[in-house]
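Since the structure comes first, as structure tokens, the remarks are kept for the end.
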Amino acid sequence: MNILQGSEAPLSYEEIASRAGAFDFNKNIPLKNWLRTSTTISKQAHVYVSEHDYSNGVFLLFRYCELFMKCQKHPDAAAYKKELFDYYQGVRNALEEIELIKPIVKEQYEQYQCQKNDLDDLKKLSMKDSQPSLEKPVSYVDEPILEQWALSDLQILPPSSTDLLSPDSQKLSKSSSDLPQFDYPSLNSSPTFNSNLPISSSRFEKTSLSDSKLVSPEPLDDNKDIQFIKKPIYTRTSEPRPKPAGTFKIHAYTEGGKPLRTIYLPKLLKKVFLDVVKPNTKKNLETCGILCGKLRQNAFFITHLVIPLQEATSDTCGTTDEASLFEFQDKHNLLTLGWIHTHPTQTCFMSSVDLHTHCSYQLMLPEAIAIVMAPSKNTSGIFRLLDPEGLQTIVKCRKPGLFHPHEGKVYTMVAQPGHVREINSKLQVVDLRVK
């Protein structure tokens, strides 16, 4: 499943090369936010690679490198020299991984094209041999997507393949004269540097599309924990070669047509959160929590509810020790998938403060959600900014004061069949306020 277009058909190496750098980089957004975004991208890339979905993995690795190029030119760069140097070390590792993956990605795309051409030839031959008829010709269309959610969402699909080293993407091969801070390696040949993190080429053993076949997954029992397909362990000499992991299908898209990967939300999360923050709610103080989880087979699973250190009023709340939060997330290899907060006495909506807060979450991860709990009204809602209209409105907003209106519709409720699905699954609550 291609995360760029939400389809099974892969893009070419050249196509994804041009798209890897095609994202908005707003210098008005604090550099610390972009650096955190880079960490999110890197984590996702390595999940895809570990699941043998090399095309999505290499796309994200290249976007990780592209983002580094832009971060160097951010107005706050001078204040983040150490962080940028650490980022550069990550880029070196990413480039080495790209070089190892490149031949596999190219071969997979070539195999896909050969299979597609063969199928097209068969269709033409079939149409040619058919008898003339006054009836309308048969239309070859895909089966309609099932509207009802089911674990048929999970199917084995050949990994979409790309080629990221196109002539148009050689901007990453800039010389050290263009980038005075760093000696950026060339992408045209295998790197000659020593990486801090050794990478075994056995991780990228070639996987033939012809070796893949559909496998029916075990059904998901709502009364049991989420079950993931296990990744095969293999070495260079292992037989048979590893097959691609199952992939959760895309069911929702942004207003701009970009695919949104599904987020699986524990049904008990809202109730658990209200129970944890009840003391603050009684004092008419807002409380927020961070929704953390894992990326598995092209879908996100919320596994942790983290309550960070924070300060709050009746109308606002904000974290005060982000370093501890990030340390916990990195230690457990968790992604930030959104946030949840209360409106103790108000109704369920997104205030202007909420919109600006959520903007940073959604820039970091397009699928990120905001859950608002209004206990006094016994209501709740799951929201996201409209993309691109609402997101750009908030990014460009320079209105003074915490509370101010925004023109037009800025956000929407994530309604079925949106990209959020509630399921019976375990949830771990971590309260960082407790020492």
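Note: Cβ is positioned from N, Cα and C throughout, glycine not excepted.
Take the CB of HIS343 (Zn(2+) 1 binding site) and look out to 10 A: across all protein chains shown you find 23 other CB atoms. According to Swiss-Prot, the feature Zn(2+) 1 binding site maps to HIS341, HIS343, ASP354.
Its Cβ taken as reference, CYS397 (Zn(2+) 2 binding site) is surrounded by 16 other Cβ atoms within 10 Å in the chains shown. Among the features that Swiss-Prot reports, Zn(2+) 2 binding site is placed at HIS356, CYS397, HIS404, HIS406, with the record citing similarity to another entry.
Across the domain 'MPN' (262-392), the prediction's mean pLDDT works out to 97. Residues or ranges marked as domain 'MPN' in Swiss-Prot: 262-392.
The phosphothreonine annotation in Swiss-Prot covers THR192 and rests on experimental evidence.
Secondary structure by DSSP for the motif 'JAMM motif' (341-354): 3 helix, 2 strand, 9 coil. Residues annotated as motif 'JAMM motif' in Swiss-Prot: 341-354.
Here Swiss-Prot flags GLU286 as site 'Indirect zinc-binding', drawing on similarity to another entry. In the three-state DSSP reading, GLU286 (site 'Indirect zinc-binding') counts as coil.
Within 10 Å of the C-beta of ASP354 (Zn(2+) 1 binding site) we count 22 further C-beta atoms, all protein chains included. Around the Cβ of HIS404 (Zn(2+) 2 binding site), the number of neighbouring Cβ atoms within 10 Å comes to 12. Here HIS406 (Zn(2+) 2 binding site) is compared against the binding-site residues HIS341, HIS343, ASP354, and the shortest C-alpha distance is to ASP354. Looking only at Cα atoms, HIS404 (Zn(2+) 2 binding site) sits nearest to ASP354 among the recorded positions GLU286, HIS341, HIS343, ASP354. Between the CA atoms of CYS397 (Zn(2+) 2 binding site) and HIS341 (Zn(2+) 1 binding site) there is a gap of 23 Å, rounded to the nearest whole number. Note on HIS406 (Zn(2+) 2 binding site): other Cβ atoms within 10 Å of its Cβ, all shown chains, come to 15. In the three-state DSSP assignment, the secondary structure recorded for HIS356 (Zn(2+) 2 binding site) is helix.
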